[in-house]
Amino acid sequence: MPVATARPPEAEEPAARRLYRSAEGRWLGGVARGLAGHLGLPVIWVRLVFLGLFMADGLGALLYAVFWIAVPLGVGGRSAEPKPVFETAPDGRRRLRKPDKGQLFALVALLIGAVVFVANIDLGGPANRYVWPVLLTGAGVVLVWRQADNARRAQWTGDGRRRGLLQLARGLAGVALVGMGLTVFVVVRGSAAQLGNVLTAALAVIAGVALLAGPWLVRMTQDLSEERLMRIRAQERAEVAAHVHDSVLHTLTLIQRNADDAGEVRRLARAQERELRNWLYRPEGTGKEEDEEPTMLADAVKRAAAEVEDKHGVPLEVVVVGDCPLDEKLTAQMQAAREAMVNAAKYGGEGGPVQVYAEVEGRTVFVSVRDRGPGFDPDAVPEDRMGVRESIVGRMQRNGGTARLRSVPGGGTEVELEMERADG
Amino acid sequence: MTEQTDAAEGTERRVRVVLVDDHRMFRAGVQAEIGRTEETGVEVVGEAADVDQAVTVITATRPEVVLLDVHLPGGGGVEVLRRCAGLAAAAERPVRFLALSVSDAAEDVIGVIRGGARGYVTKTITGADLVDSIFRVQEGDAVFSPRLAGFVLDAFASTDAPPVDEDLDRLTQREREVLRLIARGYAYKEIAKQLFISVKTVESHVSAVLRKLQLSNRHELTRWATARRLV
């Protein structure tokens, strides 16, 4: 099959086609890691080569810097796959991610290299008096560049927020290092007396550049933020459109299809109205907690009413005054209330909407469920009918509450449930 | 609430109504539902789709009742109420406002009531109940839906904790009871029977609540709304 043969190269391509610096498990710029991935070599080899080149009059460092500047940080291809610690690719290649042992070894090798390098330098020698400033400056540049990488990565992954302070500190440290290196450079080269002049000149140059480039930079940032705003707006609109499409349009289609079934149409319309209302008027705009169990009384009452409404196709008007967290006793009360709602919907739904009223006043929680149905005589209910007696009255009494039932034949039924909260 | 309709009076009663709503379909629907003057006694004398139109039409026709949508282009129902405050306060033939809204968000509802509307009903109301509410408003009574009663109870429940010099703003025990029964879905007649008072007394309690709501300390209501993240 052509598809089967085409697949392996396709899977390889993103990694092999382009050279990326690796964002995962890197030490500095991720150059060695990226190269290793690109060439299919163990990363430690690449690092050792760089180290060796570094010994050759710092060629390695120069090379590394060039790579760092020129090669983009990778997110796409294999370099961004963080999970497998040690893995072999289908064609036998070593994966980018290395075991810690290898990293340790590389670290030791680097340390040895550094020690050798330092030992090689004739610290007192006149030719080498620029070495320290250069090293300082280099370290600063590395810090700042790495910082820039991190900032870009944070944009992709969105994890930059909590480490913002640390990043700022690192950036500042980098700038300070560079400044120090340059200062030392000046001091070593000329005399310290010229430092003031040099600084003034440098400041003047910087100010000039800022004046020239400033407006342009400002405009660019403005354009950028404006574009971002537009994008956010477009996203919002897309979200609204998606929601309307998912819910409203589908419901309208269903209603068209069920136009003859008045009950079904009403049920669909009520459910959709409630859902849309939640979505529109909820402060947070999150309709996502649908799956979780409610923890607050008002939520619980509304949820129960919504479910009964959907199931029995009878509208329930819910009014809640006050709110409090649910405890064990209140949960029992909610179950009793739900039972009352089901009864009201089943037997009293013809007389109009069922009224559900819940109020938290001090330590007392009061719930009333009222329908305008035909009503019944509570004493005439046979002994074996357990609905009202056990699910409502019994449940309330077992949990230390009271339930009152008022029903007038022809005048509707009202169930009143009262419960003390467990905590203040 | 249909019990309120007095069959004996029937067609004698007449009320002139202006419809303010930015949805033409909805206006047409309401017109079809209540506009059959011979049957309902309601005569729709004008319609408006935004605030400016509404003010113009109301000033020109001087209806007895305005059915006012909460959300309107040009500032919303509250703005209409503000600009028609003079007409509403007129000693002779005052214009009364009944809020009719699809929104049951508390801040919308409390907003128009505080702005001077005499009542609030949601758009899911039946035609008969709406006609009944219109007549009640025309007679100077307040129309409280269960949901509105719930909002009012909520508003006053959290504001009457430290009442030092705010005694005027507080609800009496009786008013609270009446509101509670409204919130539970009772009609005025049923409330009267329940509390052993006359329907007139129930009406006066409700009107008192409405007045207190309109006069009540703005600061505290704002705090209430803020606490619920409504504003």
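Glycine residues also receive a Cβ, built from the backbone N, Cα and C atoms like all the rest.
Noted in TrEMBL for the protein shown:
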{"type": "DOMAIN", "residues": "A:17-72", "note": "domain 'Phage shock protein PspC N-terminal'"}
{"type": "DOMAIN", "residues": "A:334-420", "note": "domain 'Histidine kinase/HSP90-like ATPase'"}
{"type": "REGION", "residues": "A:395-424", "note": "region 'Disordered'"}
{"type": "TRANSMEM", "residues": "A:44-71", "note": "transmembrane segment"}
{"type": "TRANSMEM", "residues": "A:104-124", "note": "transmembrane segment"}
{"type": "TRANSMEM", "residues": "A:130-148", "note": "transmembrane segment"}
{"type": "TRANSMEM", "residues": "A:168-192", "note": "transmembrane segment"}
{"type": "TRANSMEM", "residues": "A:198-218", "note": "transmembrane segment"}
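Each residue in the domain 'Phage shock protein PspC N-terminal' (A:17-72) gets a DSSP state, and the totals come to 35 helix, 1 strand, 20 coil. DSSP places the residues of the region 'Disordered' (A:395-424) in helix, strand and coil in these numbers: 4 helix, 16 strand, 10 coil. On the 0 to 100 pLDDT scale, the model's mean across the domain 'Phage shock protein PspC N-terminal' (A:17-72) is 73.
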